[in-house]
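Enquirer: Pulled from TrEMBL, these are the listed features:
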- B:38-63: transmembrane segment (TRANSMEM)
- B:70-88: transmembrane segment (TRANSMEM)
- B:90-269: domain 'ABC transmembrane type-1' (DOMAIN)
- B:94-117: transmembrane segment (TRANSMEM)
- B:138-162: transmembrane segment (TRANSMEM)
- B:217-240: transmembrane segment (TRANSMEM)
- B:252-269: transmembrane segment (TRANSMEM)
Amino acid sequence: MSEKIVVDNVYKIFGSHPEKILDLIDKGHTNEQILEETGHAVGVAGVSFTVEEGEILVVMGLSGSGKSTLVRCINRLIEPTAGKVIVDGVDVTQLTMDELLHFRQKHFGMVFQNFALFPHRTVLQNVAYGLEIQRVDPNTMRDKAMQALTQVGLKGWESNYPSQLSGGMQQRVGLARALALDADIMLMDEAFSALDPLIRRDMQDELLDLQERVQKTIVFISHDLDEAIKLGDRIVLMKDGRTVQVGTAEEILTNPANDYVARFVEEVDMTKIMTAESVMVKPSAIAYFKSDGPHAALRKMQKAGISSIFVRRDGKLIGMVTADDVAKIIKTDAKTLESILITGMQTVTRDTPAIELFPILAGINYPLAVVDDDGRLVGVIIKGSLLAGLAEGMQTGGAS
Amino acid sequence: MNQFKIPIGNAIEATIEFFVDHFSFATKAFAGIADNGISLMVSAMMFFPPWLLILVLSAIAWLLSRNRGITIFTMAGLALIWNLGLWAPTIDTLALVTIATLFSILIGVPLGILAALNNVFYRIVMPILDLMQTMPAFVYLIPAIPFFGLGPVAAIFATVIFSMPPAIRLTCLGIKQVPKELVEAADAFGSTKWQKLIKLQLPISTPTMMAGINQTIMLALSMVVIAAMIGAGGLGGEVWRAIQRLDPSKGFEAGLGIVIVAIVLDRIMQKLGGGSKKQQ
């Protein structure tokens, strides 16, 4: 492994005379003092770290910690006030505008929090954008874009427009757009933060799978410690534009550099903070009260390999039926599931603590439904998924 | 009253006189050529029998709008104009509006792009546009005459000045409204300014630009009517003549013709602008 990116003492200060503020920062003035006295906002204050080739480095911090500004300093979407960014031995901060454009085309793929897909272009045209900019010939362009789309599992969607896709699929397009370039570095700015928790987890898994195959150097920005631990080979923890700690997840969890990190890490603790949301899974099948009769319901259960199925009407969870009951009424020519619908079963909300789920699950022999405030089914918890989710939590949290 | 009066009027008059003295030979020559061009366009359109042209225009309305109502309205409205004996002045008006709008777009859209991308230019051009739009339209007619003489070319000159601001303003607005994240994404992939403009900013701002062009057409139509006072002819000329003769029947018929032309142009342009919105 070699150093792919070196971020060396980078500062970004917003205001009319940013250079004058550098001294104040070195003298130990806080960001609040500087803002009050000079009207300058400190984005990044003297950050240094390196990224090894082929690793995922997660820059992690709460909002306002300067992490998004920092990642934009790497490809100079935001011009750093001071400091160096060296990529493959080239000091990016010294490039002219023309050289910089060329450098971005060759080295940086970027994925954005709000996807930033071009609404007037099809999925394929979006993915091909970076290649189009480089004037790659149309056939190669199409092939590479299709290849990238296949990698993220969106083959067949190429002629749709982004607005026709779900959030998760849109971000896959964003990912494919960055992959199609063959750039060696991916900058991912809170790439999964705008997605539903379940989809976010899927996307994290897929990113790890993909990384096995493509071996890019990835700088991933996140505000979520769980995500940082899951994805990051190493983690840079930021606060107020400064690095608080750099290290592997293990190092940060077992040996927090100061109270701030320690408080952060405490929250990764097991059942107390694990909620229904973090251990639920997608239901493998749902029956629709209006359209599904006994035959359809039975078929769905057989296909999914389950013995009971939740029933939904107008988006709301209204009950469940079991395979045994359905089999009985199939003979009676019933057209709906009404006669065998089991209502009033226990449900939990997303933020029910995991610890409370055990006794509930012990008392029932079907999955536990997780519903939102409007009574919509958002996920289910089965005994297996609860244990697996907790085991994952124990592993990371148990280390402290 | 013998107070000192700031000589704004004098200064402007002197400036105009200076330009007239030194350039009117060129503008007059241009006016001659343009006059021929307009006559050629008008006689080309008059060459066809009205019923054929009505069918052609209705077909264009259908192709651009894909809307049955607009197409039928175009056909019936133009037929009514023909029946009222206003066909020739309508063609004159259409030719003037078309030419003036083309000039307004050709000048206005690039200026709008420049204003959106260059902050200094934006600060300079916006107050000028405010001035151009609040100045009574009649005022533009006065300097047009010494440069271009009485007639359609002077009318087009005044019309272009009067109808250009919305093309500039809405092009500028459309480009400035392109979401920052999208511009940032285009930057992140190493787009040049030109690539960003062609591939992102212009396509996304098209609906807004079309709204601006629609306004430009409407302003051009209203100005072409006013320009009848300096001999632009057309439907405005009919109205002007009706005023002088105190002839309400003629006046209202010509007025109705203008309304029909305005509705047809407006509806077609609105459909054109709305059409590209559906993907967003």
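Cβ atoms are placed via backbone N, Cα and C, with glycine included.
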Enquirer: What same-chain residues lie close to the transmembrane segment (B:94-117): Cβ under 8 Å, and 6 or more beyond its ends?
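Expert: Same-chain residues near the transmembrane segment (B:94-117) but 6 or more away: 37-38, 41-42, 45, 125-126, 152, 155-156, 159-160, 163-176, 193, 197, 201-202, 209, 212-213, 216-217, 220-221, 223-224, 227, 232, 234, 261, 265.
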Enquirer: State the non-local partners of the transmembrane segment (B:138-162) in its own chain: residues 6+ outside its ends, Cβ under 8 Å from one of its Cβ atoms.
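Expert: Same-chain residues near the transmembrane segment (B:138-162) but 6 or more away: 16, 19-20, 23-24, 27-28, 30-31, 34-35, 38, 92, 96-97, 99-100, 103-104, 107, 132, 219-220, 223-224, 226-233.
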Enquirer: What parts of the chain pack near the transmembrane segment (B:70-88), using Cβ distances under 8 Å and only residues at least 6 beyond its ends?
Expert: 46, 50-51, 53-55, 57-58, 61-62, 235, 238, 253-254, 256-257, 260-261, 263-264, 267-268, 271
Enquirer: What same-chain residues lie close to the transmembrane segment (B:252-269): Cβ under 8 Å, and 6 or more beyond its ends?
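Expert: Same-chain contacts beyond the flanks: 61, 64-65, 67, 70, 73-74, 77-78, 80-81, 84, 86, 89-90, 93-94, 97, 210, 213-214, 217-218, 221, 225, 235-236, 238-239, 242.
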